[in-house]
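*Asks:* Below are the structure tokens for one structure; questions will follow.
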Amino acid sequence: MVRSFYIDWPLFISFALLVIIGLVAVYSATYTATSDPFYYLKRHIFALIIATVGLIVAFSIPIDFWKKNAYFIFIISVILLLVVLILPSDGTGTKRWINLGLFKFQPSEFVKFATVLFIAKYLSRKEDRLESFEPVVVIYTIVGLVGLLVAVEPHKGAALFLFILTGLLLFSSPLKVRYVLTPVFFILPFFMVFFILKSNYAFSRLKGWLNPDPSSKEGYQPYQAMLSFAKGGPFGEGIGMGTQKLNYLPEIHTDYIFSLIGEETGLIGSSLVMFLFFVILYRGVKISLEKEDLFTQVLGLGVIYIITLNSVFHMFVNLNIFPSTGFTLPFISYGGSSLIMSFIYIGILLRISKEPVKVNFVKRAK
């Protein structure tokens, strides 16, 4: 029986604090960008309102709804990927967004969630065959084909994200470890090399990551991002007092907002953000593994993995540990599709926390 009045407060409070930090960070990053200092903040608040509605709706939906409609939602996500490919490009040669007027919708964000639903539904239907290699082959093949659609947008970072997300979910499932890891070792290196060599843009980003030189086009952003943390030191330059947002670091309100936090609040502020994401990860995993249904477990782990991978990729790019991938920071970056989907994930996790605790758990196949 669903626990009617239960809510996971550590998860919710950590999420709420990150949203508040995001409001401050977005305003600080953008108040000098236009003649209206509140232009971006007002649009961000509007996106937050839509995202909050999404959270409430997701919290209200029974888990059985996702289970019954998982394949249908997955098919819809694939159709949206096909639709975005036939639409005109955005002027930069990429086809990643569907313009809905008030904001742009990015199907590759939705397909992450749809992939989690597909994997959760497939594994729950094949519980009696989890000792075989069949589920691994089917899931990797289907997700791989979807990843190719994402890659030709082109958004190779999101395609790689899907592959890593799938591997993490299968590794966390009762499937045999050797079945899960074998395709990873053989396929992942091949695709990474292929994508880098076939894309001048990806290759230039890799060069910029290896050599963050401010005098080169590809090394400029990584250098400026690292400089933000160097300027911030342990305590930061003060909220609103950072200078990297003054046309030194492009996309600072989206792809590089963690750098702004590092510059203005220092190591202390950056560490607080990382700690809050860790709390969300810990609570999300705990909530998911407590449940009695395999679909619910995989769904919960899937959405928390999406949040965590997005945040880790964003932070690592800002710290120049990873080459630039174009990922926003959940709950904090200037919002759109990723912000709305992140709120929906929290709504689903809070809903899962209301579900009954497990009575048994499907053990990993040996």
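Easy rule for this one: first residue shown is 1, then count along the chain.
Glycine residues also receive a Cβ, built from the backbone N, Cα and C atoms like all the rest.
Where the annotation comes from TrEMBL, it is an automatic prediction and has not been curated.
In case it helps, TrEMBL gives these features for our protein:
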- 12-33: transmembrane segment (TRANSMEM)
- 45-63: transmembrane segment (TRANSMEM)
- 69-87: transmembrane segment (TRANSMEM)
- 133-152: transmembrane segment (TRANSMEM)
- 158-177: transmembrane segment (TRANSMEM)
- 184-203: transmembrane segment (TRANSMEM)
- 256-282: transmembrane segment (TRANSMEM)
- 294-317: transmembrane segment (TRANSMEM)
- 329-350: transmembrane segment (TRANSMEM)
*Asks:* Excluding the flanking five residues on each side, which residues at least 6 beyond the ends of the transmembrane segment (294-317) place their CB within less than 8 Å of a CB in that stretch?
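*Replies:* Residues 63, 66-67, 112-113, 115-117, 119-121, 123-124, 127, 157, 161, 164-165, 168-169, 172-174, 225, 255-258, 274, 277, 280-281, 284-285, 287-288, 323-325, 327-330, 333, 338, 341-342, 345, 348-349, 352, 355, 361-362 contact the transmembrane segment (294-317) from elsewhere in the chain.
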*Asks:* Which residues, given as numbers and ranges, are at least 6 beyond the ends of the transmembrane segment (256-282) yet have a Cβ under 8 Å from it?
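*Replies:* For the transmembrane segment (256-282), the far contacts come to 10-11, 14-15, 17-18, 21-22, 25-26, 28-29, 221, 224-225, 228-229, 231-245, 249-250, 304, 307-308, 311, 314-315, 317-319, 328-330, 332-334.
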